[in-house]
Structure formats: structure tokens, C-alpha cells
Amino acid sequence: MTQVHKRITYLRHLIVSLAQARDISRTLLVFSHDHYDDDINDLVQSIDFCKVMQIFYPFSIQTHPSEFPGADPGDCPRDIKKEQALLRKCNNALHPDLYGHYREAKFTQTKHHWWWKANRVFDQLEVTKYHTGMVVFLEEDHYVAEDFLYILELMFRKSQDLCPKCNILSLGTYLKTFNYYTYNKKRAQPYLSGWYARSKGKGGSLSASHSTLSKSQLADAARRIRATVDVGALLDQSQHTHPNSAPRAHGMVNGLGMSAATGRRSPPDLPAWYDRPRAPPIGQTHDSEHTVEVTPWISSKHNMGMAFNRTTWYDIVRCARHFCEYDDYNWDWSLQHVSQQCLKQKLHVMVVKGPRVFHIGECGVHHKKSNCESNQVISKVQQVLKVARGSQQLFPRSISLTQTSVIKKTKLRKGNGGWGDQRDHQLCFNMTLVGR
């Protein structure tokens, strides 16, 4: 399930990465939108590698631009003092957040949307009514590895033995905190001995290597990446497709962006040399073992590419009041509060040490930059996956558990605010009351 706003460039990259994933044809992709856009709609409707469904958050700012849950002209300005707000008699004068600020519609929407889509998929859609398996939560600015479903299934099968208390599986991490260059140096070293040479005294990380390269060296490296990807994209990979499986995005790509193997057009505006990985044939794995870690779920670390089932959802939704009334506009911090203050069995996560979901967004609700192009981050992610692929770290035969050291008891923390308005509390809670 993918939460979508309106960043179509990121969404294109996510869809291409999904198309490359093994067994994607067995899944149902649900795209949940809070903004209607013709181009985004056309892009999603062009997907033909699996079943697809689109749902639309009905209380969006786009459909309510001048009334709650959008920005009502009668609402209090963010920074007005409560005394002044009471004198002005603006709509929400009695309920600033814990920092004394009044609601901003653009910041409240993401939490509302996340809660609505979860309620919708688990409790309201007929098509998912009898689904008892895992639901993977993605966002438009994520990018998945080709074995993310394989790893998810492996983790799910092993979770009862390795961690019976784990109720969330996590496939993601933030690229700044991890890369395959240093994750498994021995396995990756032969692959790194070429132009991926490590900088002396810099530890061999991606960022350290780049910091010592000149612009001309970076340009040369980029040309080599493109040249390497060109070869991979143009090679006929039909031998890697199971004869009984649905058509996949393999095969030669012609000048029109059409796949010779499937006869379909690639998603628009993507170059013909876009990386198309060469995974092991169906049924084969690399003779390696992968490490997973068990730890209490932490919102800032395990909120990406996470998956849980209906049993965990029912535990969470019973704590709807805690989620909906916690003064924090972030859905993940609110879920952390639910875990700490309401659940009998706190959220515990099994997280794969080699991530399969990456964050490629440079701009969004929390981050604004002058250059919001995704190409630079995409290039880094593709390099990370290229090293993982070359050192045979994808499609491992098995996984093993690394128990984390004892974690200090998490302190109860104040929320980030932005969620003091009782109208937000009530709207959020009402979403759990809608029946099929």
C-alpha cells in the first residue's frame, strides 16, 4: 500500500523499482491518494505487471480548500496568542497545541491520510476483506530492491521461530545511515576493487569516497554507471523468467522504451538505460545468509517499508483514542505513543540489516531544498543495490538473528504539536467507526 501526494517524479521511480521485483505479479498494489492529478492517474493506470487499485482520501485539502479539514478563513492564525484568539473568536481559539500554536491544515493531512488508508484497507474494502497476510506500507518517495518481497516472505516464515513477540517487519532504512559498501566488506571487496575504490583513511563509505573525487572524476563515474546499466538493460533476460509466470519487465528495450519481451511501454519519461537488475532465476537463491535484528519499534528508525498483519492492526485500532488525541502531527510518532502508552504487548520489530526499501525523497513536508530532483539520490541507491547485487547479497538462502543489546527504557516524550485542535481528534476517531 502506497501513500501518494503529488510528487510524480518520485512515484515514477518507485513504480519502476516495483516492476523489477520478483513475484510482484502475485500482489495487489493499493495506491492511496490525497490529491487527484491526471498525470499521476495515467501513470498508475499504466501499470500492467500486477493487480492495482486506487483509493482516494475523501477529506483532502484539495477537496476542502476553504473549510475544515482544509484552511477555514475563520480559523485562528498559527502564531496568534490564545488571549487574542479568544477575543477574535476564531474557530479553534480554545485549542492551540502544547506549544501554543494553532493548526496548519497542510501538516495535519498526512496523519489523517495514513490513519484513513489503514482503516480502509484492513476494515472497509471488500477486496481485502479476507486477507490475512502482511500489508507493506510504502510512500511515493520510496524505492524497493528486487528481492524485497522475497525477503519479506523469508522474514515472515522465520518470525515465529526467531521472534514470536515481533509484530512488525521492517524492510527499510535511510540511505545516510547505511550502505552496502560497509555492510559486508569481505563479500563486497572483489566488487569494490574496480572503480569503486575506497578512499584511504576514509573508511570506504559512499559519502567518504565521493568527498575525495573531483567533478571530472564524478562525471566519469556517472558515465561508467550509465554504460554498465546500458548493458544490463539491453541484455535479453528472458532466461530469468519462469515460463508460468506473468510477463515481467525483462527483455531488450528498444528506442521507444518498449520491452521486446512484453511489448509494453515503460513508465513515461524514464531513460531506456534505466537499471534492470539480473536476479537469480526463479527458485534459485544466493548461497549466503542474511542478518536480521530484533528491537523495540522506534518511529524514527523503523517507519519505512514496514509491514504488519490484521492481528497487529486490531491491537493498534483498539488504541484509536491514543493515536487520534496525541498532540503530534506525525503518524509514526503517534504510533510510537500508542505502543508506549496503550498496547499490552509493545510493538517489536524484526528489521533486515541489509535494507530493501530506500528513501529517495529530497523534498517533502519536513524538507525543502532548492533542488528537488531525485536523480542524485536515485543514482546513490542504484549504486548501493549494484554493489549488493555484484557481491551476491540479494536473494539470500536464509536469515539469522542478531539480538540487540539491552535498550534503555524509552522515555515518555512530548509530542511535536500541530495536533491540538479537537476537530482533528474527532475526524481521526470517526474514521474507525465507518463500517463496510
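Even glycines carry a Cβ here, placed using N, Cα and C.
Copied over from TrEMBL:
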type	residues	note
BINDING	Gln3, Val4, His5, Lys6, Arg7, Asp34, Gln109, Thr110, Lys111, His112, His113	substrate binding site
BINDING	Asp141, His359	Mn(2+) binding site
DISULFID	Cys76-Cys90	disulfide bond
DISULFID	Cys163-Cys166	disulfide bond
DISULFID	Cys319-Cys342	disulfide bond
DISULFID	Cys324-Cys428	disulfide bond
DISULFID	Cys363-Cys372	disulfide bond
Cβ packing number for Lys111 (substrate binding site), 10 Å threshold: 24
By Cα-Cα distance, the member of disulfide-bonded residues Cys90, Cys166, Cys324 nearest Gln109 (substrate binding site): Cys324
Neighbourhood of Cys342 (disulfide bond), C-beta criterion under 8 angstroms, separation at least six: Arg318, Cys319, His322
Alpha-carbon distance [Asp141 (Mn(2+) binding site); Arg7 (substrate binding site)] in Å: 8
Cα separation, Cys428 (disulfide bond) to His113 (substrate binding site) (Å, whole number): 9
Neighbouring C-beta atoms (10 Å sphere around the C-beta of His5 (substrate binding site)): 23
C-alpha spacing of His5 (substrate binding site) relative to Cys428 (disulfide bond), in angstrom: 19
Around the Cβ of Cys324 (disulfide bond), the count of other Cβ atoms that are within 10 Å: 22
Alpha-carbon distance [Cys324 (disulfide bond); Lys111 (substrate binding site)] in Å: 9
Most crowded position, judged by CB atoms within 10 A, among Cys319, Cys428 as disulfide-bonded residues: Cys428
